[in-house]
Amino acid sequence: MSSSPSPFGQNEWLVEEMYRKFRDDPSSVDPSWHEFLVDYSPEPTTDSASNGRTTTAAPVTPPTPAPAPAPEPKAAPKPAAKTEAKPAKPAKSATPAKGDESQILRGAAAAVVKNMNASLEVPTATSVRAIPAKLMIDNRVVINNHLKRTRGGKISFTHLLGYAIVQAVKKFPNMNRHFAVVDGKPTAITPAHTNLGLAIDLQGKDGNRSLVVAAIKRCETMRFGQFIAAYEDIVRRARDGKLTAEDFSGVTISLTNPGTLGTVHSVPRLMQGQGAIIGAGAMEYPAEFQGASEERIADLGIGKLITLTSTYDHRIIQGAESGDFLRTIHQLLLDDDFFDEIFRELGIPYEPVRWRTDNPDSIEDKNARVIELIAAYRNRGHLMADIDPLRLDNTRFRSHPDLDVNSHGLTLWDLDREFKVDGFAGVQRKKLRDILSVLRDAYCRHVGVEYTHILEPEQQRWIQERVETKHDKPTVAEQKYILSKLNAAEAFETFLQTKYVGQKRFSLEGAETVIPMMDAVIDQCAEHGLDEVVIAMPHRGRLNVLANIVGKPYSQIFSEFEGNLNPSQAHGSGDVKYHLGATGTYIQMFGDNDIEVSLTANPSHLEAVDPVLEGLVRAKQDLLDTGEEGSDNRFSVVPLMLHGDAAFAGQGVVAETLNLALLRGYRTGGTIHIVVNNQIGFTTAPTDSRSSEYCTDVAKMIGAPIFHVNGDDPEACAWVARLAVDFRQAFKKDVVIDMLCYRRRGHNEGDDPSMTQPYMYDVIDTKRGSRKAYTEALIGRGDISMKEAEDALRDYQGQLERVFNEVRELEKHEIEPSESVEADQQIPSKLATAVDKAMLQRIGDAHLALPEGFTVHPRVRPVLEKRREMAYEGRIDWAFAELLALGSLIAEGKLVRLSGQDTQRGTFTQRHAVIVDRKTGEEFTPLQLLATNPDGTPTGGKFLVYNSALSEFAAVGFEYGYSVGNPDAMVLWEAQFGDFVNGAQSIIDEFISSGEAKWGQLSDVVLLLPHGHEGQGPDHTSGRIERFLQLWAEGSMTIAMPSTPANYFHLLRRHGKDGIQRPLIVFTPKSMLRNKAAVSDIRDFTESKFRSVLEEPMYTDGEGDRNKVTRLLLTSGKIYYELAARKAKENREDVAIVRIEQLAPLPRRRLAETLDRYPNVKEKFWVQEEPANQGAWPSFGLTLPEILPDHFTGLKRISRRAMSAPSSGSSKVHAVEQQEILDTAFG
């Protein structure tokens, strides 16, 4: 018995073969072996230790006869001389029979002989256990399907068995011992570590097969992922011939798997130096069922078995211990925790299949549960989807009780049973295993789908048919194209980070996949033959989108980083580089179409641009006649809107804008929403920023399908993008894509996010980018080579570097203070706004040109008749003057859009722009008749009048966007009361008042704000004149408060005809709508124009004497009529009233000319109804004395006291205050 068995065991032949090669030519052996082989001394082999050599059989030649032996002397007996080996002893040479072939066993074969002989010295026994293999089989299918979809590779049964053996050894360390004689004494040696020996079958160059046993060292310290990596490393190096001496030594327990050859039960030999060897047999059904059909086996609940044997050294391991060891392996292979650990280690986010007892219920009962399970996946499958690339909570499986087969009374034994599915996945019957495969592929992989909240069954079916059907994998060319987009996205950010360290750019790092996603949206729109995609997005990633989607030249982007300004675009304040817009043309890579692409300008106010985009797109659609009123290729301009997750859930304008989606006055035929969900809002976690499960839950209010997709899967992102466009085209509805990703850096490049999200950023800091992960996947699948990937990235980086160097060489323009935009647009000096009487009469007649059989409400008919009368006889009121202005513009070919809450009728029952049939509810719009000339030809004009949703923010934003999208349209929005316009303050501040100065974005939008103190309380009084005057500068807007119907008429017509695009803010009347004094004659419409300053009629008609005036009252709006009535009552010839109709820009020349006509004025007062700190006074009190010091030095105010609210809530207090103003004015 050897006291020191070879450390290489059955691998000794390989070591000796390497030694012979090393001895003959050291360079022929891997250098890692040199140090060992220098001192190696091979033991005698079987063929050299005895005379038992075998040779190739040949004809036997008789030996030469030996001389006759001499007689033996009669001496004392001597020890018998050694004779030739007797036949019974193995050392004796055998003589092959004639015709036999013999071969000397060398190398591996000789080592096998030696090792088998040595193994005879080990007294062994064997324990045998049959273990159910079904759970291992089913979970291996789940594992390998996941690996196939993700990083590639496979898990074998041997991987699982080997790991189970290692875990069992932890409970039974004696199984890891081996026997040795130490100092002449029998000893049981317990190694410090478990070194699992793997029997690896290798095929040589000559085709001969050999077996080596290499060790996975220190297995007990490894988790499953580490164990698999070490396992695969050993196998790979064995097949590449790169194993080292260290790999062969120190095996403590072995695993052999003859089951791969079909062997069911094996009792392997145990080599010296080991305590046990585990044999794994083939997986088979019990013999008595091997002739049964699959259906019968499934019905009976029969599973395959695997037979494990434990052959152990009986000197140190007892049978009970070996049996318990196998029982522990048995338990592990059926244990929930064992497979839970494996799934977590492999990054599989789903629960493993569980070992449960078969449920004896009938197949009919179970069939109903299967149908319920299908419905559950359609409803809740998204809750189990693997959509978070960070997997911050990697200890929790994505699961839901409704999606657990066990919750439905089903078990793993039902997986191979067939059930009726009534057309699910296009078939009538299907195995539960296949049903689950379809459901999980459809709803639980890298895409989670929410659609069962949609009320229309047709739309649900449409989605089901597409997501439950296996979709084609992208072609290699398409994969390379996706990779090129990822390359471009990442390289752009890396370049800017390197070249412009510390500059804010709000990078897209961590969310680069949105670039191929957006590209897929635009490409699919082009595939459908659409006209344009208009994009709105926040600042994060905007520069990347400008460069890689819109196609803005890199040189221009880099110039903006360098601080270079284009002199031709230098007017106005400008804006930061990540707020600017651009336009471009997208050309399909794999198609023949192209499509226009534009990116709207936006402020930092998140989501404020949403309604602006919708309005802009609707305007473009109406221009192309493909909007709500169009018929061919409806809604051919597509809004593509990007959001942040925190903003989408948190900003109310999102819900306001979504609410417009299906309204006839606001529909755009479906918006594609992409939420770039980086799972954080600056420093706020989702748990603190929303109460809903998803940031996108708000979109369910309009029945929009929602696709949650893992941003680390570019192919899934591109597939979802194309599906979203197809749905939009099929149903003209919004679609929401929630792309989960992360933010590589802080909110901006100077921020350290680890201060508030340390764990998240520990994960992010070690995470590979999506480009690298996708590249590795493509290379691993053999779709591209490493060189192709590196070349593509280098080419893009080189292109950026060249442009960067060119920009650095540009001559920098000297930076000067910004210039005003005021001079960029001027109203024509001789613009005619009057119309002839025939036009007035035509509009009047239109109000009674009712459709045949149309029944007018009895309270509305007098209004229509009165309008026709006014058109012919005069005394035209405010409401009709407005309709005359709009109708005449329509007749001249202008598209007029008027919207607001209750706008068709008017808040104050004054407008009646749309007449409703008393009996049928049909609508008649008189002004639409003006779109046709008397001879029947179209004028080109159109009247679009809509009641809006009860919204200010979204409604005003939409109309602003519409005015940008169609600069030639007359776009008006009316507040229900002027007080409510502050609900749209962000739109007013960020777009209406400053859009031109910041972005050169022009708008002609008109805001009609009912304003006036009439005792209705603080929320029904003021349109906040002071706020608009504070915002006004550089001619950014026109602000007016006309006091006569005719002046209002001319103001609107001037705005519609002046050819410039600047917003118009009009403070319109309420009580004055029915003031009999507030009317205008026909000649005021046919002969006049807008007058920014108005004197009293008595002076313009020559009836009053201006020289008698010593007290001048300047005012604006409704209070003029109260002042005029008081003056007439008191016959005050010393008092004159001058109205400033245009509050901004101030008509300084006309104002000065008017005041010069009153030479004897001693006192000048500004009279207003508003409190002292509101209305026009805060502006006029400062600017009038400044711009006209000769006329307004000493100007005094008459008004209500300064107040925090616009007015008193008491009508009686209001009356007292109003009287006090009048008394003071004439005091």
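Placed from the backbone N, Cα and C atoms, the Cβ positions cover glycine too.
According to Swiss-Prot, the feature region 'Succinyltransferase E2' maps to 89-335.
Residues annotated as region '2-oxoglutarate dehydrogenase E1, C-terminal part' in Swiss-Prot: 336-1227.
When secondary structure is read from DSSP and collapsed to three states, Arg540 (thiamine diphosphate binding site) falls in the coil class. Taking a C-beta cut-off of under 8 angstroms and a sequence separation of 6 or more, Arg540 (thiamine diphosphate binding site) has the following same-chain neighbours: Phe506, Ser507, Leu508, Ala511, Gly644, Val676, Asn678, Arg743. The thiamine diphosphate binding site feature in Swiss-Prot is assigned to Arg540, Ser604, Leu606, Asp645, Ala646, Ala647, Asn678.
A coil conformation is recorded for His1020 (2-oxoglutarate binding site) in the three-state DSSP classification, outside any helix or strand. Annotation comment: Swiss-Prot describes His579, Ser604, His1020 as 2-oxoglutarate binding site, evidence class a large-scale study or a structure entry.
If you look up Swiss-Prot, you'll see Asp645, Asn678, Ile680 marked as Mg(2+) binding site, on the strength of experimental evidence. In this view, Asn678 (thiamine diphosphate binding site) is surrounded by 24 other Cβ atoms within 10 Å of its Cβ, with every protein chain counted.
The annotation coiled coil is assigned in Swiss-Prot to 783-814 on the grounds of sequence analysis.
The acetyl-CoA binding site annotation in Swiss-Prot covers Thr1038, Arg1054, Lys1089, Ser1092, Gln1142, Arg1149, Arg1150. Following the DSSP three-state reduction, the secondary structure of Arg1150 (acetyl-CoA binding site) is helix.
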When you put Asp645 (thiamine diphosphate binding site) at the centre and draw a 10 Å sphere around its Cα, which of the binding-site residues Ile680, His1020, Thr1038, Gln1142, Arg1149, Arg1150 have their Cα inside it?
Ile680
Residues Arg540, Ser604, Leu606, Asp645, Ala646, Ala647, Asn678 binding thiamine diphosphate per the record - widest CA separation, whole Å:
18
Counting distance between Cα atoms, which of the binding-site residues Ile680, His1020, Thr1038, Ser1092, Arg1150 is nearest Ala647 (thiamine diphosphate binding site)?
Ile680
Given a separation of at least six residues and a C-beta threshold under 8 Å, show me what packs close to Gln1142 (acetyl-CoA binding site) in the same chain.
Thr1038, Ile1039, Ala1040, Phe1090, Ser1092, Val1093
From binding-site residues Ser604, Ala646, His1020, Arg1054, Arg1149, the one whose Cα lies nearest Ile680 (Mg(2+) binding site):
Ala646
Give the distance between the Cα atoms of Lys1089 (acetyl-CoA binding site) and Leu606 (thiamine diphosphate binding site), rounded to the nearest whole Å.
42
So how many other Cβ atoms are close to His1020 (2-oxoglutarate binding site), meaning within 10 Å of its Cβ?
19
Report the mean pLDDT of the predicted model across the region 'Succinyltransferase E2' (89-335), rounded to a whole number.
88
In DSSP terms, helix, strand or coil for Ile680 (Mg(2+) binding site)?
coil
Run through His1020, Arg1054, Arg1149, Arg1150 for me and report the binding-site residues whose CA is within 10 Å of the CA of Leu606 (thiamine diphosphate binding site), in sequence order.
none
Chain-internal residues near Arg1054 (acetyl-CoA binding site), provided their CB is under 8 angstroms and they sit 6+ positions away:
Ile827, Leu831, Thr833, Lys1089, Phe1090
CB neighbours of Ala647 (thiamine diphosphate binding site) within 10 A?
20
